[in-house]
Amino acid sequence: MTRTRSGSLAAGGLNWASLPLKLFAGGNAKFWHPADIDFTRDRADWEKLSDDERDYATRLCTQFIAGEEAVTEDIQPFMSAMRAEGRLADEMYLTQFAFEEAKHTQVFRMWLDAVGISEDLHRYLDDLPAYRQIFYAELPECLNALSADPSPAAQVRASVTYNHIVEGMLALTGYYAWHKICVERAILPGMQELVRRIGDDERRHMAWGTFTCRRHVAADDANWTVFETRMNELIPLALRLIEEGFALYGDQPPFDLSKDDFLQYSTDKGMRRFGTISNARGRPVAEIDVDYSPAQLEDTFADEDRRTLAAASA
């Protein structure tokens with residue numbers, strides 16, 4: 001592919017009010033360095049946990065770090081799809097998105113190193129077939145498909161898989177688990193800081209995915225059916241992953257965690273995404289570009305979690 005023009009040189013310059021560039025600016029303003037997080041006390045807290053508690057936390061971290069690595073590897077075709085559309089703002093944001101995913105991989109690995117975990121961790125995924133289906137099959141297949149087919153429908157399928165299911169349900173539920181483990185017991189302060197930093201980054205990622213689906217649904221109502229169909233395919237798989245994880249620990253899950261609580265939490269996050277996408281139907285596409293409701297939805301989720309967890313800790 002040769003280049004015939006540069007978007008940053010066009011009349012009027014870049015639209016700094018567009019959501020992708022708002023997210024890009026937000027990421028620059030909130031930059032953080034993994035090496036600045038102090039994991040010293042985490043090692044001491046780790047040694048005090050029971051064997052089952054360490055097993056659960058290791059499995060949870062394993063799922064996170066493998067997921068961050070997967071997206072670091074798989075997100076590039078979405079950048080190419082944005083280039084094919086001539087959407088420089090989205091391409092700029094996705095370069096930051098990919099960098100943040102690599103940084104998340106780094107910081108989870110640093111935490112594992114800090115608490116003394118150095119063995120091969122693949123076995124923690126072997127008992128979770130739903131995880132392997134999502135991260136080793138569904139995710140790479142739908143993202144890599146964009147290399148050959150960058151169509152709006154293919155973009156919606158890819159965004160649903162990653163931004164709405166992996167991040168919008170599973171990662172949020174994982175953060176919820178870390179909060180229940182760490183905040184309510186006042187342990188693992190480094191992990192608490194790690195989750196806070198990553199959660200802030202991924203709210204922007206989810207907002208971009210919602211924005212992308214909304215603009216395609218606004219442009220062509222057939223893409224609403226694509227969104228709805230893909231969500232309905234993957235929500236049961238995401239919930240099955242939660243059930244598989246709890247099934248490994250019998251009637252007494254570590255940290256007194258509740259399977260029903262987690263299933264309800266994850267389902268709520270998934271179902272509420274339908275409304276945000278559906279209200280883009282019939283809207284002017286240009287209006288969607290400067291509509292910040294995707295970011296506001298993620299901030300709402302974060303505020304709700306803060307209030308819920310603060311009440312539980314009181």
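Yeah, the Cβs are placed from backbone N, Cα and C, and that goes for glycine too.
Residues annotated as Mn(2+) binding site in Swiss-Prot: Glu68, Glu101, His104. Under the three-state DSSP scheme, Glu101 (Mn(2+) binding site) falls in the helix class. Listed in sequence order, Glu68, Val71, Thr72, Ile75 are the same-chain residues at least 6 apart in sequence whose CB falls under 8 Å from the CB of Glu101 (Mn(2+) binding site).
Summarising the annotation, Swiss-Prot assigns Fe cation binding site to Glu101, Glu167, Glu202, His205. The number of other CB atoms found within 10 A of the CB of Glu167 (Fe cation binding site), across every protein chain shown, is 21.
In sequence order, Ile65, Gly67, Glu69, Val71, Thr72, Glu100, Ala102, Lys103, Thr105, Phe108, Ile198 are the same-chain residues whose CB sits within 8 A of the CB centroid of Glu68, Glu101, His104, the residues recorded for Mn(2+) being left out.
Cβ neighbour count for His104 (Mn(2+) binding site): 24 (other Cβ atoms within 10 Å of its Cβ, all protein chains included). Cα-Cα distance from Glu202 (Fe cation binding site) to His104 (Mn(2+) binding site): 10 Å (rounded to the nearest whole number). Counting only the Cα atoms, the space from Glu167 (Fe cation binding site) to His104 (Mn(2+) binding site) is about 13 angstrom.
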